[in-house]
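This report concerns only the one structure given below.
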Amino acid sequence: MNGKKGSIEINIPHHHHHQDTPSKSTKTSADEVGKKNSRDGGLFAACKGWILDVWAFAKEDKNRVIFSLKVGFAVLLVSLLILFQAPYEVFGTNIIWSILTVAIMFEYTVGATFNRGFNRALGSLLAGIFAVAIAQAALCSGRVAEPYIIGISIFFIGAVTSFMKLWPSLVPYEYGFRVILFTFCLIVVSGYRMGNPVRTAMERLYSIAIGGFVAVLVNVLIFPIWAGEQLHKELVNHFDSVADSLEECVRKYLEDDGSDHPEFSKTVMDEFPDEPAYRKCRSTLNSSAKLETLANSAKWEPPHGRFRHFFYPWSEYVKVGAVLRYCAYEVMALHGVLHSEIQAPYNLRIAFQSEISEASNQAAELVRSLGKDINNMKHTLQTSLLKRLHASTERLQRAIDMHSYLLTTSNHEATAEYSSKPLPKIAHTLSSTLSNDLSNSLADLNKNGDLGGQEPTLTQNSSFLLPVPAAESYHESMKKQQRRLYSWPSREVDDFELDGGLEMDFLPRMRALESTAALSLATFTSLLIEFVARLDHLVEAVDELAKMAKFKHY
C-alpha cells in the first residue's frame, strides 16, 4: 500500500504480460464467431421467410403452380425435338423457333393462349408472305439493287406495323403486328445470306406451328384454366366484398363512441388493418382492367363447363362490374365519413340506429342475393326484397326529416341565446387580472384629474363591479364538455376561457361547429340512401345479364 489512505496499488509482474495476448485473441475470435453465427442466422431467417412467402403465394391460388408446371412440360416436349437426333435431322436448326413460340405464346388462361396464338399465327403467315414476295423481287432486281430493296422494305414494314398497332381499334392485335415485324426481318435477312428465302420461310413457319400446337394442346388438356370461369368468380367475389364492406362500415359507425377517434388522424388513409372488408371493397374499385382483360380472353374460348353455348355475353359481365363499382364508390364515401375528423355525437347516431341498421342490412342482403344468382346462374325476381329495401329507406328518410331540428338547431339556439343574454362570465384568474388593470387605469385617470381628484374604490355598489364567480352549475359544466367535444382541432377548456372569453362571436362559432358535427350524420345517411338508389341500376344490369346468358328462371 502507498499513496493516500484507502488507495491500493497492485503491481503486476512483467512476465505475466505475455498471457494477455492469448486472451485478447481468444476474445477477438469469439466475437468473429458470434458475428458469423449472427450472419448465418440472419441468412437462414431470410431464406425461411422467403420460402414462407412463396408457400403463401402458391397456397393463395393453386392455379399458379399448375400454370408453371404446364409451361415447363410444354417447353420440355418441344425441346425433345432438338435433344433427340432423329427429329433434329428432320426439322433442322429452325426447330428452335418452336421453343420460342411456346415460351412467348403460353398464357395463364386458355382464352389468352388462343388470343396470343391467333396473333402469332396470323402475324407469322403475313410476315412469311411479305418476306417471300420482297425476297423474290429483290432477287429479280440483281445483286446491286437487292440490298437496297431489302433495306427499304424493312424500314417500310417497321414504320407501318408500329403505326398500326397504335390505332385504337387495333390495340388488341398489338402482338400480331410485333410478330409481323421481327418475323419479316429475320426471314428476309437470313434468306438474303442463305440464298433461299422460300425454304427459310417455310421451315420457320412450320416450326412456329409446332410450338403453337403444343402450347394449345397442353393448356387445354391438362388442368385448363378458363378465363370465363375466372371472370365469373371474380365478379361474384366483388358482390360479396361490397356487401361485407357496407355492413362493416355501418356497424363501426354505430358502435364508435368517439374514444378511438384520435387514432384516425394518425393512421394513413386506405390502410386500416382492422377492416379487411374495406380493403376488399377498395380492390373492387381497381378491378376494371382485370375484368376487361378476362372478358377479352374469354371471347376466344370454346364452350366449356357451365358456359356451353356459343357467343356467350362476356361483355355483360364488364357492364355489371361497372355498375357495381358505382355502388362501391358510395361505400368508400361512407368509410370516409366514418374516418373523418369531425364526427356526429354518439347519442345522435344512436337515435337513428334502427333505421340505419335496417336499411343497410337489407341493402347488403340484396347485393349478396344478386351475387348468389350470378354464381348459381339463375334468374330470380328481386321485387319483394327491393320493395322492403325501399320501404326501409323511406323510413330512414322520414326519420331524418321529422328530426331534422336535431341536426340544425344548434345555430338557432346559439343565435337566440346570444341575443338575449349578456357577455359570458369571466374566469376567476382573468377577472383578477382585469381588476389590477382597471385599478391601474383608474390611478392614471386620477393623476390626470379626469375624476376630480377622487380615487374610485371598488365596492359592491360600484358600477365597475366585476362578477364574482359562483359555484359552477351543471349547465355550465355541460357547456364546457361540449366545447371539448366539438372543437376541431381539439382544445382545452382553459384555452377557450383565456383566448375567447371576451369575443362577441365565440359562442355562435362554437355552436356552428356543433351543427357541422351533427350534419355529418346527415351526410352519412344521404350516402346510404344514394347507395340504395344505385342498387336499382344494379338489379337492371343483372337482369340483362341473366336474359342474355340464358340463366334458369326460378
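Quick reminder: no glycine exception, Cβ is built from N, Cα and C everywhere.
Range annotated as transmembrane segment by TrEMBL, chosen from 42-60, 175-193: 175-193.
If you look at the transmembrane segment (205-227), the same-chain residues 6 or more away from its ends with a CB under 8 A from one of its CBs are 63, 66-67, 70, 73-74, 77-78, 81, 91, 94-102, 105-114, 117, 120-121, 124-125, 128, 294, 297-298, 300-301, 304-305. Non-local neighbours of the transmembrane segment (145-163) in the same chain are 130, 134-135, 137-139, 177-178, 180-181, 184-185, 188-189, 192; each lies 6+ residues outside the stretch with a CB under 8 Å from one of its CB atoms.
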